[in-house]
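Feature list (source: TrEMBL):
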- 53-74: transmembrane segment (TRANSMEM)
- 86-102: transmembrane segment (TRANSMEM)
- 138-159: transmembrane segment (TRANSMEM)
- 171-193: transmembrane segment (TRANSMEM)
- 213-237: transmembrane segment (TRANSMEM)
- 258-279: transmembrane segment (TRANSMEM)
- 294-313: transmembrane segment (TRANSMEM)
Amino acid sequence: MITNTSENNENWNTSQYLKISNESTSIFNITPSPESKRDDSDNGDIGRMVHNWIYVFSGIFAIITNGILLVLVLKKKKILPKDKFISGYAVGSAILGIGYLYDHSRQIVPGAEWPGNMTAVNCMLASFNITLFMTGDLLVVLCIFYMSIDGILAISSAQTNLLKKQKLSNYFGYIAILLAGTDVGIAWISAAMKPRILPICYHRAMVSNFSFLFHYWSLVILGYVSTFIYTLAIIILKKKKTSSSGIREIQIRRELEVMKQVIIIIINSFALETVPVSLELLCEFSRHAPTISIYIWLFQAINLSLFAVARIVKDSQMSWKRRGDRTEILEKGTITTKAVPHSSARFGNSLQKNK
């Protein structure tokens, strides 16, 4: 049974080699098209070029916006555990942006060729974007998962020690780095154990089935669990808000506002990453690769900057509001200072006495 499964996987991989090889030939325009199909080929080349440029611009924008978000979070005087998770999310998104920029910028270079005819390890080096994708993917989903856990912890106790939460967030950070490193390490080790020459370099061919499925199943499971936990946390928090009063009500209202700010990450990640990855796994298991699978990761590339942009805009608005408030206070202070001499005699320090 195991032998048959292995043979089926080999046949599947061989067919995928041929399919992707043909697609890469079309993408890079290695061979000229027949005269009768030249117009269609030109239109297809234009479409793929636009497709690649969208990835490139999305990658650049993700690097810039998430870099700004990281600076905004780290320059805060008081960094909360949730801020650390947001920082990790920004780092993961920026790494994914670098991966998309690296992968698709080489595809828009005239005469470029898809990496192939090399060992799996050399493929991992030539297609280093795979390592970047794996690292960024896990950092993003793990930080989102930790945000959902942090929301549950905020509900469970009103007197949660901030120092304990800080230590817990540090442990979560170490675990995230360890898991991401383990995932990437398994991929590289499995690639090193494949001595044969690969006709074309792509993720499924370069690593073992265990590494491939472990990575994507981790993304899917963590994505669904995080969405469920965070949704449950908000529902419970809203119920507690209606039944609480006094200081506890203020604490819950403050925590609810913070969770509403983070929910944009949860929704975007679920809709534009967890669901697309689920579709990707479905295509793998069904041995069917529809045309839409080519555009699945485009959703993630566009999604990388959404939260960063929203957070930057909100911080800018708050900054302008604080400046406006300070200006208003200074103006009121000036008016008050001018009015003091006229009423200073009431306090026994009239202008005549000061003179």
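Numbers here mean position along the shown chain, with the first residue as 1.
Cβ atoms here come from the backbone N, Cα and C positions, even for glycine.
Curation does not apply to TrEMBL; its annotations are automatic.
Counting residues 6+ beyond its ends, the transmembrane segment (53-74) has Cβ neighbours under 8 Å at 83, 86-87, 90-91, 93-94, 96-105, 108, 298, 301-302, 304-305, 307-309, 311-312, 315 in the same chain. Counting same-chain residues at least six beyond the ends of the transmembrane segment (294-313), those with a Cβ under 8 angstroms from any Cβ of the stretch are 51, 54-55, 58-59, 61-62, 65-66, 68-69, 72, 86, 89-90, 93, 96-97, 100, 261, 264-265, 268-269, 272-273, 276-277, 279-280.
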